[in-house]
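Feature annotations, reproduced from TrEMBL:
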ACT_SITE  GLU271  active site, proton donor
ACT_SITE  GLU467  active site, proton acceptor
BINDING   ASP138, HIS178, ASP186, LYS379, HIS384, THR426, ASN468, ALA469, ARG503  substrate binding site
COMPBIAS  539-552  compositional bias 'Basic and acidic residues'
REGION    532-552  region 'Disordered'
Amino acid sequence: MAASSVRIFNSLKPPGASLTAYSTVHSRSPSSLDCNFCRLKGGFVSSSISGSCQLRAIVKDKGGRAEDHPLIGDSTDKVVENQAMEPERDFAGTPYVPVYVMLPLDVVDMNCELVDPEGLLDQLRILRSVNVDGVMVDCWWGIVEAHTPQLYNWSGYKRLFQIVRDLGLKLQIVMSFHECGGNVGDNVHIPLPEWIREIGESNPDIYFTDREGKRNPEFLTWGIDKERVLKGRTAVEVYFDYMRSFHVEFDEFFVDGVISEIAVGLGPCGELRYPSYTAKHGWRYPGIGEFQCYDKYLMKSLSKAAEIRGHSFWARGPDNAGSYNSTPHETGFFRDGGDYDSYYGRFFLNWYSQVLVDHGDRVLALANLAFEGTCIAAKLSGIHWWYKTASHAAELTAGFYNPSNRDGYAPIAAMLKKHGVALNFTCVELRTLDQHEDFPEALADPEGLVWQVLNAAWDVSILVASENALPCYDREGYNKILENAKPRNDPDGRHLSAFTYLRLNPVLMETHNFAEFERFVKRMHGEAVPDLQLFPNEKPAKPEGKDGQVGA
């Protein structure tokens, strides 16, 4: 979950492309807003960040007493624009969907000490006052096992978890085995452990590698999942030892139910995907990205697959797949009727995508051993650009074999089903119309992608949770999330199992933004809101309480 300022997008947008504003805040001195570039997939947003102020909000402590707590961010000198009064669904009485909020990426520093515990406590009290269910926390491998193999320092996380528990909040924990930072505008940098980087200096093939040989130190290549190149351990053994240490250290939080979910990082940004689109290698939206299989371990796997197939000369990556910022029609591989659908293309993409599935299969099997009895989740990224083309090029380079004539998410859903793991999916707040207005050249369809992925998971009866991909403060974005969380007229009554908001930051805590967020939480919980603008003839749903959930 790499970090970046939202102002990153000014440097990333294609020439001539317009940007959609997601907040009404005015430009002031920039501050370190913890937005996550790795999470900001597709579409870009320009926003500005206000300085701090002395705004105060009334919240209640556990004893029910009203207290003043400072809100970060100045709204007193801002003109609050009226929300567009578009018709809305009435979600009163609909199933209760828990809402979590991601904590800042650097809530624990590189010495594994909790940063600004008093300020964090104030913010958590404010979240608790509007009935947020819990928070999500990244437990960074690069911090906890930083210097010596199997020497773990969990001290800062222990203090954090105690604060969260005392407030009556739940915890979603991310096993963050990836690097944080490294992209344009990032203001937080948490590399992989020092001892891993030392190994990488002498053996750079432990990292994902592109066709030109550029290494990506965000995550270890899946080619060493079963190779003992990490001081006598394989990559999956290293992940398992880390997860087991966490469970031993925080067993009391599992026993008393404070930890509600473990999200297992399976790739860059904690997502099950190849690092096919990374700014440090020059990628800009909506480039198709590049295949990342050129380390010696994955090339060995490809050679073996080609020999088994009986065509050893297929032991190579495509030579006509373009570069990071190519468009599909510019390449011989991804263009309509291109080589992606040839005999060789099908062989290569089957192998490439199967490596992804096999990695998830191996790590999640061990996660179930480490966290037996706990809800486990895996996250997929919402790669929606080029979705309206035949090849779905950006998805292919990321490892999702999802061209127009194949369902690339069904095999992943089946693998998650095998391990009883929930699917966490992003970009549920994005609208296809907005993408077409801002980036028509991208042929994006986030709504179509969300519909496909959610149904792939629901078809095999696994839980589905979600996150927003971009910063979201406006009612239009919240309404889109609600529509995806509780699909209209679903005959099976299916709905999301949870939603996690990206991210606790100064802009969210501004008065008008936080009021919209509180309204959103109420609707996710199935509560009535007084200012609802109903569709004509809309009738409230039959009441369905927190303990009366239906569907997945």
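Note that Cβ sites are derived from N, Cα and C of the backbone, with glycine treated the same way.
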Based on Cα distances to the residue listed as 'active site, proton acceptor', point out the closest of the recorded positions ASP138, GLU271, HIS384, ARG503.
ARG503
Tell me, how many other CB atoms lie within 10 A of the CB of HIS384 (substrate binding site), whichever protein chain they belong to?
29
Quick one: Cα separation, ARG503 (substrate binding site) versus GLU271 (active site, proton donor), in Å?
17
Within 10 Å of GLU271 (active site, proton donor) (Cα basis), scanning binding-site residues ASP138, HIS384, ASN468, I find none
